[in-house]
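Visitor: I have a structure here, written as structure tokens, and I will follow up with some questions on it.
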Amino acid sequence: MPNRRFADGEVVMGRWPGSVLYYEVQVTSYDDVSHLYTVKYKDGTELALKESDIRSQSSFKHRKSQSSSSSPSRRSSSRSRSRSPGRPAKGRRRSSSQSREHKDDKKKTIQETNLALPVLFFSFNQKPSENNTRRYNGEPDSTERNDTSSVILEQKLKPDLEVERVLEQYSLRPRKEEKKKEEIYSEKKIFETIKTIEKASSKTKELEFGGRIGAFTLIFFLPATVIYLLLMCKQDDPSLMNFPPPLPALESLWEPRVFGVVVLWFFLQALFYLLPIGKVVEGLPLSNGRKLQYRINGFYAFVLTAAAIGTLLYFQFELHYLYDHFMQFAVSAAAFSVGLSIFLYIRSLKAPEEELAPGGNSGYFVYDFFTGHELNPRIGSFDLKYFCELRPGLIGWVVINLAMLLAEMKIHNQSMPSLSMVLVNSFQLLYVVDALWNEEAVLTTMDITHDGFGFMLAFGDLVWVPFVYSLQAFYLVGHPTAVSWPVAAAITILNCIGYYIFRSANSQKNNFRRNPSDPKLAYLKFIPTATGKGLLVTGWWGFVRHPNYLGDIIMALAWSLPCGFNHILPYFYVIYFICLLVHREARDEHHCKQKYGLAWERYCQRVPYRIFPYIY
């Protein structure tokens, strides 16, 4: 076994793989099996090098001293030229001046070598050509005087074939070409260093949701919450005093046929998404300046789905099957969302750095899996996040509500649904149709522009939205509540107020973001920011900072009021919605403060209330 030449921690000169450039490195370890040294460069890069690619620093200093002194033959040649009777005195003065310049170049070379600049070796064992002799015998040409690279000659005996190869590759190359290649290599190193810095700076530093522990907890807490809410709704007395509800047998929670229906529903909506109908628009610019294209056909998908459901009802398909197996559908959807999340995370590991989500690139597996590692995962032109945002869950929410309405009529032997059920279905149908009709507006939301697509959005879109947002309709099936017409009218007015605030505020924001110079928006005043964008201080956005959230909360209250006041369970959605929007508002405040700086502080002084006027 060959003896090890360099010790751990020793500072040596290591050759960069694929080149003849040497850098100062530190030996970190040695593999006795492969006989490779692991070395660390100054920029932190670690590579495995052969012993032949490593030189000691002392050998560099020795070679520099040899190369800096001329050979006896060159000295005698120089003396013979200086004493030639045909050479005028002026020529001698020029020669001495050139010698001083050459010495200065040598000093610069030594200083640059001490700063760990790359050292280029020329290996040869035969006499150089005339041009090279002239270049190294004390008469540097203009190209060499302007060169700043450290050039050291290493004379070494090698087989003839190896000598010819080295001479052909390095020694016989014109000096300008050598300099150009060194400059190109330096530019590549600088570019790689910049990319390394950008990669480090793109890491998510501020973790939300309680960091890694919070993300890990939510992965289990969210599915448990859905199951708890559905179990409570099935109880005769769904009060908080009856906690915990009786748990069903595990085998009763899973039905392969139900899981097949969930998968079929997902791919049916995917088929509608791929239909070449609807306009194609561009999203907001990404961090690299690129704009993704999206097909806007969500409303068409809703119409096609309504036609398909109508056809099933015409052929007397019992849609209340959803109510009878509601828990199994929720569990199947949760299992599907987990599988989708795992697929998304695995594929995100191969995604380029610029395609990762700003908030899901922490380097921690659990946190990135939960928040989403990749910003816009796509299979060809099929955008998975954009598709799940509005299609399977939102349209599925309407189908579930309809199934609850039919189940109520069948269970209670009613020829018409109750007024409470009609109000809940109507209000939430309006919300879904509005979202699909204004589908393009979702492209400016943080879900699309900032959040990655991971477990949080996958579970939220496919499980939380259809099975928690339909909680009021599910509750009314087992707990019918009578509502008078005057009360129904008052609740309807409340919902209309919330919807008007929600829609008009979002329209102002989206139109202003798309085209701030639109003449139709000339009445809006704004505060300019350093990013080139403006902060609206009139209209709804001059009333409170997040008027769309205010409209959301008012509508959520109107959805729950038809369920009466016997139990707090139907109002879980309102409580959850307030907590969610307060969290989002705090996150928005933090991002806007970082993004807009002093302009945001001026905006907060101008608009002091966040969601609720004169309250919060």
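From the backbone N, Cα and C atoms, a Cβ is placed for every residue, glycine too.
Because TrEMBL annotations are produced automatically, they should be read as predictions rather than curated entries.
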Visitor: Pick from 413-434, 523-544: which stretch is listed in TrEMBL under transmembrane segment?
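Guide: Checking TrEMBL against the ranges 413-434, 523-544, the transmembrane segment one is 523-544.
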Visitor: So how many of the residues in the domain 'Tudor' (4-62) end up helix, strand or coil by DSSP?
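Guide: Taking each residue of the domain 'Tudor' (4-62) in turn, the totals are 9 helix, 28 strand, 22 coil.
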Visitor: Please check if the transmembrane segment (457-477) comes into contact with the transmembrane segment (523-544), where contact means 3 or more CB pairs closer than 8 Å and the residues in each pair are separated by 6 or more positions.
Guide: no
Visitor: Go through the chain and flag residues at least 6 beyond the ends of the transmembrane segment (298-317) whose CB is under 8 A from any CB in it; none is fine as an answer.
Guide: 268-269, 272-273, 275, 277-278, 390-391, 395, 398-399, 402, 432-433, 435-437, 439
Visitor: Any chance you could find the range in 209-231, 523-544, 564-583 with the most Cβ pairs under 8 Å to the transmembrane segment (329-346)?
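Guide: Ranked by Cβ pairs under 8 Å, first place goes to 209-231.
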Visitor: Sort out the residues at least 6 away from either end of the transmembrane segment (564-583), same chain, that have Cβ-Cβ distances under 8 Å to it, and list them.
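Guide: Residues 229, 232-233, 238-240, 420, 468-469, 471-472, 475, 479, 481, 483, 546, 549, 552-553, 556-557, 611.
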